[in-house]
Every structure is written in C-alpha cells, then in structure tokens.
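Peer 1: Pasting a structure here, questions to come.
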Amino acid sequence: VSQQLTGTLALAVFTAALGSLQMGYSLGVINAPQKVKRTIVIERHYARSLGVYNEELARRGGGNATEHEEPTDASVVMYWSLSVAIFAIGGMVSSFLVSFVSDFRGRIKGMLYINVLAVTAGLLMGLSKLGTPYLMVIAGCAIMGLYCGLSSGLVPLYIGEISPVKYRGAMGALHQLAIVIGILISQVIGLDFLLGNDDMWHVLLGLSGAPAILQSLLLLVCPESPRFLYIKQGKVEEACKSLKRLKGDYDTSKDIAEMQAEKEKGMKEAQMSILRLLRSSVYRQQLFVALMMHLSQQFSGINAIFYYSTSIFQSAGVGQPVYATVGVGVINIIFTLVSVILVDRAGRRTLTIVGLGGMCCCAVAMTVGLAFQDIYSWMSYLSMAAIFLFFEIGPGPIPWLIVAEIFSQGPRPAAIALAGCCNWTCNFIIGMVFAGAVFIVFAVLLFGFTVFIYLRVPETKGKTFEEIAAVFHRKRGAPPSKPQEEAEMVQLKSSTEA
C-alpha cells in the first residue's frame, strides 16, 4: 500500500513541477534562439530607450524586423547580452542558497517564499514597455535567474523525498518534462503573430511569473516532506500524517524505521554545509558523480545548439527555421514522456549511457552532414535527422534525479545546491564561450562522459536512499552500513511480533 499512487501525491508532484514549468518558460523566453524575431523586437526597444533607435531604424530600412536582422549598435548588443547573461548568473548565485532555504522553514514554504521573486520579475518585465525597457528587463532577468536557481534545486528535492521508491524515477523525471513543456509554450506564444511582436513582447516576458501565482495557491494544500518533518524537525506524528496523506491509509512503521535509521546515521556526522561537503572524504565519490552528471548535461552542447538552432536549420536548408525549432520542442516533450515511462524500468544508468552515446553519434553526423551538404544534397537530410535526434535522446532529467537519490538526508540539500551551481555555471560558460555550434568538440566531450558513466555511476533503480549510500560505501572500500538491517531492528523495537 505504501507504493500506491494517491490524489494528494499527484497534486503535490504537479504543484512542485509548476516551478519547473516556470523555469522552462523563462529559459525559452530569455535564452531564445538567435535571429528569432522577438529578440530583434526587444533589441529595437532597447535601441529606442538608449537613444540610438533612429540610427538603427535607418540601417534596417524602416524598422520592420525580420528573422535575418541583427543589431548593429554596440550598446544594444551589450545590454541584450547582459540581459541573457545575468539570468544565468542569478541562477549560479541562488543555487548556493538551496540548502539554506529548504532547511530553514521546509520544502513547501521554501517554494512558496521564492515565488515572490518570480512574481516580482514578471511584473518588472511585463511593465518594462512603460518605463526604461533595458533596465527593467535586465533587473527582471536577474531576479528571475535567482528564482530559477532556487527552484531547480527545491523542486527535485521535494519530489524525490515524497515519491514512493517504485515511482521515484518517473516522478523525478516530471521535473524535466515540465521544463521542456515550459520551453515549448514560450516558443509557441512567442511566434510573431501571437506575442512575439512589437506590441506584445512585454506581455510575453511578463507571463514568466504567472505560474508562480497558481503554484502559491496549490502549495497551501500540499503536505510537507515527511523526511524533512521526521529527520530535520523530529516531528514524528506530523511525519506519519504526511505519509498517510501522500500514500494512503497504511502502516507507516516501515517508512518511519527507514527514516529513523537514516536519522541515527546522520546524527553521528557533523552538520553538512556546502563547505563541509566539499571537504568530506565520505561523500567525495557521490559528489564527483553528481557534478560529472551535470557537466555531461551542459557540455553535451544541448543548450549551445538550441541557442544557434535557427542558424543551423537555415544552414541545413530549412525554409522556416523558427517552426522547425518549435517542432524540436514538440518531439522533445514526446521523448521526455518516454523517459518518464522508461526510467524506472530500464534504469537511470542505462538510459544515460544510451542517451550520451547517441548524442555523440549525432554530433558526428551533424558535423559530416553540414560539411558535405553543398557537395551531396542528401547530406542536408542527414544533418536534419541528426539535429532532431540530438535534442531528443540526451540525459534529460536523470542528472537532477541522481543527485537527489545518491545522497542521504543530511548532505542532500548541500549536494543539490552544489550540483545546481555547477549546472548554471556550465550553462553560463557555454553561452559565453561557444560562439557557434562546434559539434566535433561536443562529440569528444560526450564520448568521455559516456565512458565515465559506464565505469563510475551505479544503478539506483528500485533502491532506497540508504541502499544507494551502501553502494558507495562498498566502492570506496568502507564496511557496509547495512541500512536494511538497521531499519528492521528499529521497526522490531516497536513491533508486537518482536
């Protein structure tokens, strides 16, 4: 019965995933592909605010933005680049605070409090047309970046802690599914005949704070994480009530025993801050695996190629590259849904190896296809197929899911904070360093990441948090902690069958 799916559990996961949806929408709007019309429109408003609009207007032949226009004034380029960069910087900074926010008042209140940032950012960007656009959009992007950095840690943390072991992979994958849905929504309503035009661009940006309002209302009826209540706050009765709300009316003694064993183990260790986690030899292997998983996600080139996707589709001979990018978003959702189904069947490790290995092959195919398409016309079809597959078969939600699984309750928030910072930092580096889609570089990196995961990352499918920790204990040569036996002994102390 403890593995049963309930309405309350579904509501709690859906509510948490709204934060991921908002993050995906913000990523899609702010980090829009190059040469998309809406970015040209926003840049023109920047030019007007900076006093260089007339010069830009003359150069562009009447001010009618097209998909092929690019800004020519250095100040416009600088401020738009700052708008994009400061979003990633905000995520980098706030990801360090995930541990503090999640433990200060709990996972639910943490997600509720940070929604103030999202609403504030949405208002700043939504009202930017009435004020100084470049200043208000930059401020909004910075604040939204702070929100997304916190949300990217809190959402998988909460979902991982409330999910039954049997469904933990699928529910954890919903974090990534919500992100890709958010990106697709931003791409669709950002088309020039909807909101990506001169009259409605500020509404497009302002809507990035809308999901926070719905999430705030739903969070009020969602139960707190039982693991937080029991292990962090010692509230046994409240933890039992939360377990029954999430999993139905069942005997909670087994879950309580497992949490008690984890709590006792955590009490033998010092409080795990980010700095202490970095210095700890006990968790060094887990931390190395977690960081490498996030490095593989970003340095796979997925975000770099998304940013230059419009140019890539143009090079491949696509007449309407913007719609091709939207098509990628649709297929991305389909493949993410497939990963939700497979992650608890095929396993995290297997899917990651297949995904990264497949991306490596696609990167090679893209390099060959784009290099020889002028000589062999059929090569453009090869590069197109490789581009679509590249977006669909990557590691997706697994890096976020793995981090929540391989650490016990004590170091988990700090580990998620470090992994999140690693992810956002790599995102920033990719956006700043790669001035184009260097496929062969990504192919080499992907090959290295695939080999690493094959050699060093254990399978976590169907294992409790304590069983996963025991795997790493054995890997570093320490005697196993026997978490199941400890949990059983705690359970027997209160059992009439003892």
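Each residue, glycine too, has its Cβ placed from N, Cα and C.
Bear in mind that the values here come from a model prediction, so they are computed numbers and not experimental data.
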Peer 1: Under TrEMBL, the annotation transmembrane segment belongs to which of these stretches: 110-128, 414-432?
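Peer 2: Of 110-128, 414-432, TrEMBL gives transmembrane segment for 110-128.
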Peer 1: Which one of these stretches, 134-159, 171-195, 322-343, 350-372, 378-402, has the most C-beta pairs shorter than 8 Å to the transmembrane segment (436-455)?
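Peer 2: If we count Cβ pairs closer than 8 Å to the transmembrane segment (436-455), 350-372 scores highest.
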Peer 1: Return yes if the transmembrane segment (322-343) and the transmembrane segment (171-195) have at least 3 CB pairs under 8 Å (sequence gap of 6 or more), otherwise no.
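Peer 2: By the criterion, they touch.
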